[in-house]
Amino acid sequence: MPTKFIPDLNWSDVTPKAVFLNRRQLIAGAAALSVAGPAVAKLDYVKSDYSTDEEPNDISDIRGYNNFYEFGTGKEEPSVNAQKLTVDPWSVKIDGMVDKPGDYDLADILSGVTLEERIYRLRCVEAWSMVVPWIGFPLADLLNRIGVQPSAKFVAFETLVRPEEMIGQRYPILDWPYREGLRLDEAMHPLTILATGLYGEEMPKQNGAPIRLVVPWKYGFKSIKSIVRISLTDQMPETTWNMQNPREYGFYSNVNPTVDHPRWSQASERRIGGGLFGGRQDTLMFNGYEEHVAGLYAGQDLTKDY
Ligand SMILES: Nc1nc2c(c(=O)[nH]1)N[C@H]1C(S)=C(S)[C@@H](COP(=O)(O)O)O[C@H]1N2
Ligand SMILES: [Mo]
């Protein structure tokens with residue numbers, strides 16, 4: 001594991017909280033003084049070769065048509081109900097088979113990280129899709145800083161549970177917390193990112209603020225939002241939709257136009273905002289990321305490991 005040049009994960013030592021707060025206050029002050037635009041937190045980022053050159057969806061589609069059952073099951077509900085969510089302070093518990101377990105402040109997780117723009121296709125298992133210009137960084141960077149122990153084989157993720165602010169959690173819609181997981185090689189793949197923003201700005205709450213997973217070659221439900229826990233384990237973890245209905249939602253859930261959902265075809269998809277005729281288009285193997293990820297599944301029968 002390349003740990004050279006990577007700061008130790010006791011980041012509080014590297015960036016004392018007071019310094020970080022001062023920097024944020026400075027940025028906020030500068031924005032307030034600026035006549036050029038609104039006081040939104042713009043993120044600094046670099047471009048990435050992993051971006052698609054497809055046209056991103058309008059920000060209104062990305063912020064207005066969501067799946068986030070913690071805030072209701074309707075596509076328009078999260079954009080309204082998620083605004084209640086407190087995302088600062090935020091900490092992420094990192095535990096299990098790691099060298100440096102702990103409860104890490106989001107600021108510590110982000111300190112020293114280079115954010116990248118990753119324009120990715122997002123394909124929901126419900127057969128709609130979008131193109132989203134995420135801002136984030138490789139999950140592998142974080143895992144390398146934490147130190148993954150050789151016994152670890154999977155990574156498990158959990159979303160916040162806070163029914164006072166997450167109205168959907170007052171009902172047994174799903175078995176909360178929302179849980180997801182990846183095999184370690186999938187988690188370490190350079191396409192797999194933790195995203196903290198989109199369209200150059202901080203993540204909208206309905207899109208999974210302040211930090212979410214994005215795995216572009218898998219159905220959207222694998223890209224878990226508002227993460228509070230990351231655990232390294234040697235067991236395939238329980239995942240929300242798989243527990244809900246294992247026949248319909250496999251652990252892998254790679255986008256695959258040749259393996260249909262038991263109740264609908266996965267051969268094509270509706271591109272949101274795709275115009276008058278519904279924007280119907282063919283679904284691509286691994287959502288168009290086949291050249292990058294097919295090797296991860298060499299020798300696996302994808303009709304069994306769906
Ligand atoms: N915690 C949590 N994460 C979640 C979901 C959810 O309901 N809860 N929905 C998933 C589904 S089905 C999809 S398609 C994507 C949608 O992400 P978006 O709303 O940012 O487009 O988030 C995924 N992550
Ligand atoms: Mo989805």
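Quick reminder: no glycine exception, Cβ is built from N, Cα and C everywhere.
Unlike curated entries, TrEMBL annotations are predicted automatically.
Here is what TrEMBL says about this protein:
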BINDING   Asn66, Tyr69, Glu70, Cys124, Thr159, Asn207, Arg212, Ser223, Ile224, Lys225  Mo-molybdopterin binding site
DOMAIN    85-241  domain 'Oxidoreductase molybdopterin-binding'
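TrEMBL feature annotations superimposed on the structure.
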{"residue": "Asn66", "record": "Mo-molybdopterin binding site", "contacts (Cβ under 8 Å, 6+ apart)": "Lys75, Pro78, Ser79, Gln206, Asn207"}
{"residue": "Glu70", "record": "Mo-molybdopterin binding site", "contacts (Cβ under 8 Å, 6+ apart)": "Ala82, Thr159, Leu160, Met166, Ile167, Gly168, Gln169, Trp176, Tyr178, Lys225, Ser226"}
{"residue": "Arg212", "record": "Mo-molybdopterin binding site", "contacts (Cβ under 8 Å, 6+ apart)": "Leu194, Ala195, Met203, Ser223, Ile224, Lys225, Ser226, Ile227"}
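In this entry, Mo-molybdopterin is bound by Asn66, Tyr69, Glu70, Cys124, Thr159, Asn207, Arg212, Ser223, Ile224, Lys225, whose most widely separated C-alpha atoms sit 19 angstrom apart. Less than 6 Å separates the Cβ from ligand 1 in the case of Asn66, Thr159, Ile224, drawn from the binding-site residues Asn66, Thr159, Arg212, Ile224 in sequence order. DSSP classifies Arg212 (Mo-molybdopterin binding site) as strand under the three-state reduction. All chains included, 23 other C-beta atoms sit within 10 angstroms of the C-beta of Ile224 (Mo-molybdopterin binding site).
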